[in-house]
Every structure is written in C-alpha cells, then in structure tokens.
Amino acid sequence: MVIINSTKFDFLDIIEPVTTYTDGYLLSLNLGMPPQVFQVYLDTGSDLTWVPCGTNSSYQCLECGNEHSTSKPIPSFSPSQSSSNMKELCGSRFCVDIHSSDNSHDPCAAAGCAIPSFMSGLCARPCPPFSYTYGGGALVLGSLAKDIVTLHGSIFGIAILLDVPGFCFGCVGSSIREPIGIAGFGKGILSLPSQLGFLDKGFSHCFLGFRFARNPNFTSSLIMGDLALSAKDDVLFTPMLKSITNPNFYYIGLEGVSIGDGAAIAAPSLSSIDSEGNGGMIVDTGTTYTHLPDPFYTTILSSLASVIPYERSYDLEMRTGFDLCFKIPCTHTPCTQDELPLINFHFLGDVKLTLPKDSCYYAVTAPKNSVVVKCLLFQRMDDDDDDDNDVGGANNGPGAVLGSFQMQNVEVVYDMEAGRIGFQPKDCALHS
C-alpha cells in the first residue's frame with residue numbers, strides 16, 4: 001500500500017466503500033493523525049462534512065430516537081487527540097461560506113477582530129460557531145476545523161492510501177435529528193469532492209439494496225475521478241439544470257412518470273426551473289424517499305391504485321404514513337413474485353429510467369397467513385420541506401426530490417465535466 005499526500009494527479013481516482021444503513025448510505029471517514037474513524041451519511045443534497053465532536057458523552061442529539069439514546073454513546077471526534085488538528089480562521093473562504101455572508105469581513109467582525117487586522121486579512125481568530133440546517137427541521141451547531149482526511153485511492157490500478165491535509169469540516173457539539181455525521185457531496189466549496197478537486201471531473205455510486213442494511217460484509221463503491229466516467233456506453237444521461245437560487249444542488253428535469261407500459265403522466269413544473277428558482281428535480285442521497293408535488297403525485301397514486309389488482313391495506317397506510325399499501329399473496333419467501341407494476345421516470349433528453357421494483361415497493365410486514373403487505377415508498381412534496389441546505393419545497397426551491405431508496409441498484413454518474421447525470425439499473429451487489 002502506497003501513501004501519498006496530494007490529490008494533484010490527473011490519473012488519481014478515489015474509491016471508497018459504501019454501506020447500507022436503515023435510511024441511507026454510509027461512508028467511513030478517517031479524520032486526524034492518527035486517524036479517528038466515523039460512519040457518516042453520503043449526502044449529495046448538502047455541502048458541509050461534519051462529525052460529532054467532544055467526548056462520547058458530551059455530544060448532544062435531540063430527537064434522535066431510542067437507537068441513539070444517551071445509553072448508547074455516539075463516537076465523537078477528539079481534536080486534542082489529533083496532532084494535525086487546527087481551527088479554521090475567520091477570514092477563510094470556508095468560514096465565509098458556512099456563514100452565508102455576502103460580506104467576507106462579517107465572520108472576522110463577529111469573531112472580534114480589530115478593523116486593521118481583518119481588513120488586511122491577518123486576523124488569526126477562529127471562525128465563529130455556525131448553525132447548519134437540513135430538511136425536516138434538522139439542525140447542527142458547531143465550529144469549523146481543519147485536519148488530515150485519509151482516503152482510499154487508485155493510481156493506474158495500484159491501491160494507495162491518500163492523506164489530504166487541511167480538509168475543512170464541521171466539529172459539531174449538538175444537533176437536532178442528526179445523530180452520526182454527514183459527508184456533504186453538493187456543488188459548494190465546502191463539499192468533500194470540491195475540496196478534493198473532483199468537481200471538475202465527477203463521481204459515481206451504485207447503492208446496494210436495502211436488504212443489505214446494517215450488513216458491513218457487503219459494500220458498493222463510491223468513485224471520484226476519471227474512473228467514475230469511463231466505459232459508460234450503457235448509461236443514459238440527462239442534462240443537469242442550473243438554478244440561480246440553489247446553485248449547489250444537482251438538478252435534472254423530470255418530464256413525466258409512466259406506470260408499466262402506460263402513457264407518461266406529464267410533470268410540466270418539474271422539467272425546468274423558473275426565474276424564481278421553482279421547479280426541477282434534485283438528486284439527493286440524503287433524502288430517503290422520492291418526493292413528488294401535488295397534483296402530479298395524486299394523479300400517480302390514482303393511476304397505480306387503478307391497475308394494481310390487490311386489496312388495499314388501509315390499516316398499514318395509517319400506521320406507516322405511506323400512501324398506498326397492498327395485501328400481496330405470498331406462499332414462498334422472499335415474496336418477490338407479484339403483479340405490482342413497474343414505475344418509469346422520463347427525464348430530459350429522452351431518458352427513460354425503469355426503477356427496479358424493490359426500489360418502489362417494500363414489504364412492511366412479515367408474511368402472515370400467506371399474505372405480505374407492501375407499500376409504495378414515495379412521498380408527497382410538502383411546503384415545509386423547504387430548507388436552506390437539503391430538501392426543498394414549493395418556495396424558491398426544488399419541485400421534486402429523487403431519494404436514495406429509489407437509487408438502490410441503479411448506478412448514478414455525476415459527469416461534472418459534461419454537465420449531465422446518468423442512470424443505469426444494475427445489481428450493485430454484483431458490480432461492487
């Protein structure tokens with residue numbers, strides 16, 4: 001294994017293993033010297049990479065559920081245990097970005113710098129604490145730090161360990177509904193691929209099915225660099241759209257959705273972005289389920305209900321919050337033989353993505369009396385989804401969201417060089 005400490009190689013690729021979690025996909029993040037290892041969500045809908053900080057008992061996460069209760073301490077980064085850790089300074093571009101400031105002097109002014117020092121760019125005070133918001137009311141509070149991040153790479157097929165110094169990340173002391181950390185993969189300067197220099201090339205991922213959730217023995221690959229874009233003849237590409245109001249999202253245009261062999265249901269508000277920033281669909285691995293707006297979403301539900309030949313399970317719809325659940329005959333596990341219709345997304349550029357059936361419907365019960373209940377795992381786009389960094393809503397934000405559950409067993413290629421995103425359904429367990 002070769003160790004290098006720079007990403008300034010045209011022939012360098014990063015290849016990181018991705019594991020399936022209960023509601024998303026995780027990367028192992030190795031921070032500091034010696035490295036401290038953290039499992040963090042892979043999120044293309046935000047920019048900041050952050051980890052819990054402090055001692056294992058000092059990190060506070062509100063509304064994080066029983067799984068992340070105080071009886072199960074969350075692994076936390078200890079800056080004092082890393083010989084290479086530094087606080088980010090108030091005058092850095094990352095500090096200005098995290099504080100969303102139009103005036104680059106604001107963070108140093110808030111840090112208490114004297115006018116001569118921050119006007120000259122010589123103020124050595126640390127970046128002031130920040131807050132960073134996500135969809136659904138999630139929030140993190142912390143400070144910016146710099147340290148070495150260690151990644152797995154490849155040069156001409158030779159495996160290497162890559163130590164990248166000066167990687168800027170959030171050292172978070174408390175949060176709401178965000179228990180374990182996030183690797184931001186958006187298009188902003190703070191994002192992990194941006195800091196590593198890969199946003200001028202691209203990256204790809206192929207997510208395993210959720211049946212592998214919590215199984216560390218099965219991984220798929222996140223690839224950054226030329227390797228992510230090579231040999232993609234079978235990938236169908238749709239152009240990326242640009243948003244003035246939300247430039248860091250990965251926007252694509254959804255023209256419609258079809259059920260089985262039926263005609264496509266048009267989605268005129270999702271095929272483009274208007275001058276106020278409304279419309280389009282974002283590709284967001286940090287959102288679990290695909291969100292679609294009304295009345296488009298309601299029309300899809302009605303079309304599905306009219307062609308699915310099974311009895312509705314209204315009880316499970318009430319208990320799970322999903323909009324369509326059906327009682328499916330099942331005589332042999334894993335209950336994959338059914339007459340549930342395929343769902344197709346139609347994107348700009350005459351791209352038709354037929355979603356794997358397991359990416360649309362999920363068995364929410366175990367078989368009982370030769371019956372299993374499966375639900376459609378799509379959700380309605382609500383106005384309160386609107387947010388600064390993640391899922392958008394109806395006001396100056398994305399009109400729809402393609403979530404990670406619908407990306408399982410689909411290779412997704414972010415070709416930043418050509419300004420396009422590609423899709424190819426495949427069994428990611430066989431191509432990892």
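Start at 1 and count along the chain as shown; that gives each residue its number.
Placement of Cβ uses the backbone N, Cα and C atoms for every residue, glycine included.
Annotation comment: TrEMBL describes 25-424 as domain 'Peptidase A1'. Positions annotated as active site by TrEMBL: Asp43, Asp284. Sequence annotations record features per position, and here TrEMBL assigns disulfide bond to Cys330-Cys375.
Taking CA atoms as the reference points, Asp284 (active site) and Asp43 (active site) are 7 Å apart.
Its Cβ taken as reference, Asp284 (active site) is surrounded by 27 other Cβ atoms within 10 Å in the chains shown. For the pair formed by Asp43 (active site) and Cys375 (disulfide bond), distance between Cα atoms is given as 25 Å, rounded to the nearest Å.
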